[in-house]
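Sequence annotations record features per position, and here TrEMBL assigns region 'Disordered' to 1-127. The compositional bias 'Acidic residues' annotation in TrEMBL covers 15-63, 95-115. The compositional bias 'Basic and acidic residues' annotation in TrEMBL covers 74-83. The feature domain 'BOP1 N-terminal' is assigned by TrEMBL to 130-386. What TrEMBL lists as repeat 'WD' is 393-434, 712-745.
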Amino acid sequence: MAASDDDALQVLSGDDQDDGAYSSDFEEEEADSGEEEADLDEEEGDFDDEDEEDEDSDEEDGAADGNVEANDSANHEEIREALLDYIGNGNAGADGDEESDDREAADESDSSEDEAPPRNTVGEIPLEFYKDEEHIGYDRAGRKLKKQARKDQLDSFLDRSDDPKDWHKVYDEYNDEYVELTKEEMGMISRIRQGKLPHAEVDAYQPYVDWFDWDGKGHPLSNAPEPKRRFIPSKWEAKKVVKLVRALRKGWIKLDKPKEKPRFYLMWGDDLKVNEKTANGLAYIPAPKAKLPGHEESYNPPVEYIPSEEEINSYQLMYEEDRPKFIPKKFDSLRHVPAYAEFIKEIFERCLDLYLCPRTRKKRLNIDPDSLLPKLPKPKDLQPYPTTCFLEYKGHTGAVSSISADPTGEWLLSGSRDGTVRVWEVQTGRCKKVWDMGGSVFCVAWNPNPALPVVAIAVSNDVVLLDPEVGDEEVQLNIAKLLAVQPSTSEPTENTPLIGWKRHDKLRGIQLSHQQNVVRVSWHNKGDYFVSVSPDDILFTFIYLFSFFSVELNASKRNNRAVLVHQLSKQQSQNPFRKHHGRVADVLFHPARPFMFVATKMHVRVYNLAKQELSKKLITGLQEISSMALHSGGDNLILGSKGAKLCWFDMDLSVKPYKTIKNHKEDINAVAFHKSYPLFASCSDDLSTHVFHGMVYSDLMQNPLIVPLKILHGHQKGVSDIKFHPTQPWLFTAGADSVIKLFCN
């Protein structure tokens with residue numbers, strides 16, 4: 001540039017003929033360059049004295065544009081200086097333009113690379129307008145953007161397990177897509193959460209750069225001395241403090257004390273609605289707000305909002321409250337829109353809403369009916385359980401009243417109203433032995449001890465102990481010795497023997513005679529003790545006295561003998577109770593503890609035989625208890641009633657029923673638990689037997705699981721008794737049609 005400038009100066013200086021023309025041209029350029037230099041100085045904020053002198057000289061040079069008759073030497077000097085200034089300013093401007101272009105290009109490149117145009121072009125329209133549609137908006141070409149399928153929790157968990165960077169993704173609701181954050185964006189989020197600047201390269205505390213120069217740069221902005229009020233206490237503030245102190249002492253100003261939390265508060269305050277009540281005692285209910293118009297009320301609504309003729313016809317079949325109140329229509333222009341026919345009606349209804357607002361607030365619960373049903377496992381997942389009738393035992397001529405299986409599961413004992421007791425082989429259905437008891441059989445019970453195969457039979461007023469002859473010779477000898485009648489050692493009460501143990505006349509067994517009909521016989525798990533139930537009849541005498549009806553209960557003196565406990569080894573009987581609170585329906589022993597369960601008409605009392613006291617009283621709420629069964633663990637009890645209800649008691653939980661099930665249509669005759677499988681069943685006079693899954697957990701914090709499994713049919717008359725097989729998930733049912741059925745899985 002230096003060589004070219006000198007050449008240009010030599011050419012200009014060597015040509016004397018056109019000095020005037022060249023001088024005028026360069027003077028115009030010199031003026032223009034001066035103006036550009038002044039503009040640059042103003043933009044850059046350069047207020048130096050030298051620049052001011054240059055501007056003054058430039059203005060003076062520009063003012064001398066019309067002076068053509070100046071000296072040649074003076075003109076050459078001025079032209080030389082103007083040209084040098086012009087060339088220097090041009091180079092500087094070129095460099096500045098390049099820098100500014102580079103800066104703009106850098107800015108444009110950053111914005112174009114980082115920011116992508118949105119895929120959805122609906123603008124600021126709320127996305128809730130598309131909640132009932134299959135699309136979420138439109139792209140630039142006007143095509144619908146289909147909504148993506150929503151992932152459930154299982155798919156989201158699998159994605160997080162497969163992709164370690166899945167937690168970097170965020171859901172873009174506007175474009176309906178997942179966006180993966182970069183490391184820079186994650187770093188920005190982390191810095192924002194820490195209270196720092198988003199960009200790490202920005203220094204918020206960089207040193208101050210002073211861009212200006214002046215004469216007194218090393219001194220403060222103001223050299224004025226500090227005023228006296230800066231370090232002398234204010235008299236006005238002192239007077240103000242004195243006034244405030246006087247007002248506080250005299251009580252003119254009362255400080256707000258912190259609100260103390262009430263010592264007692266309503267735990268369920270929402271139910272009483274105390275906070276919502278006003279001074280008049282009425283709950284404040286705001287007036288209902290009018291619905292804002294949407295796309296449907298437009299005179300030119302979108303196509304998807306306009307119903308077809310079929311949809312309009314279907315509206316007429318709906319109930320009036322379900323029918324849409326406004327049907328969108330399309331018009332070419334706003335001038336073609338007629339007057340709204342329902343305008344006066346809607347205004348009138350709005351006035352009614354404001355005036356006749358209800359005085360009670362009703363909370364509507366949007367509850368799914370399916371959510372109210374308990375989530376139970378499927379029956380096929382709870383197998384095995386009895387489902388099919390596998391075998392029938394036929395031979396009785398009367399209704400089979402009771403059945404019992406031996407502890408090995410090989411034999412079945414049955415008693416019938418025809419006066420016979422039969423022993424059946426379970427696998428084949430063969431009748432091994434038949435006893436003619438000479439009277440109606442109410443109950444049969446097999447000894448649960450496998451070493452003592454003895455059966456107890458309740459016939460009319462007697463309990464007969466017999467040997468079923470199913471053991472080997474050694475067992476037969478032990479049973480013969482056990483059933484040999486010994487001299488009675490029981491203590492008499494009121495000149496009447498408590499019970500008599502004697503040899504049966506026809507059968508090789510022991511006969512225990514009672515005063516009343518024996519309806520129940522139950523063994524203890526160890527097989528030495530058994531209990532008999534012979535409830536007495538209660539006479540009702542109505543006496544008219546003083547215009548009132550009173551009831552006198554004349555019970556027999558033998559009422560306290562309804563429940564008797566017998567010991568087989570010593571052949572003794574004892575009465576554990578002095579009196580009973582009602583007619584006894586059933587009695588059971590606890591499988592492991594010295595407890596006895598006595599079921600009366602409406603209650604079940606649990607007695608501690610060791611301490612000889614009442615341990616617990618179960619409140620059933622049933623009309624009349626008919627049967628009772630105890631779980632093998634001893635903590636759960638089921639009851640059957642005459643009112644076709646079945647109650648499950650968790651005695652560790654409460655004295656009231658845990659579950660009450662009304663599964664039968666008629667009275668329940670018997671209930672039973674399985675000893676090893678989580679199964680229990682009930683039978684009724686409605687010809688059906690219901691099988692349930694009843695799982696009892698060892699964790700006391702977990703409630704029992706009760707699931708209905710199967711309803712068994714097959715009897716022509718009512719089912720009188722049921723028993724589970726001791727080792728297999730099989731069920732024996734005895735019917736009034738004199739048939740015994742075996743249901744297997």
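Cβ from N, Cα, C; glycine included.
With DSSP classes pooled into helix, strand and coil, the tally for the repeat 'WD' (393-434) is 0 helix, 24 strand, 18 coil. For the domain 'BOP1 N-terminal' (130-386), the model's average pLDDT works out to 82.
Secondary structure of the repeat 'WD' (712-745) per DSSP (helix as H, G, I; strand as E, B; remaining residues coil): 0 helix, 18 strand, 16 coil.
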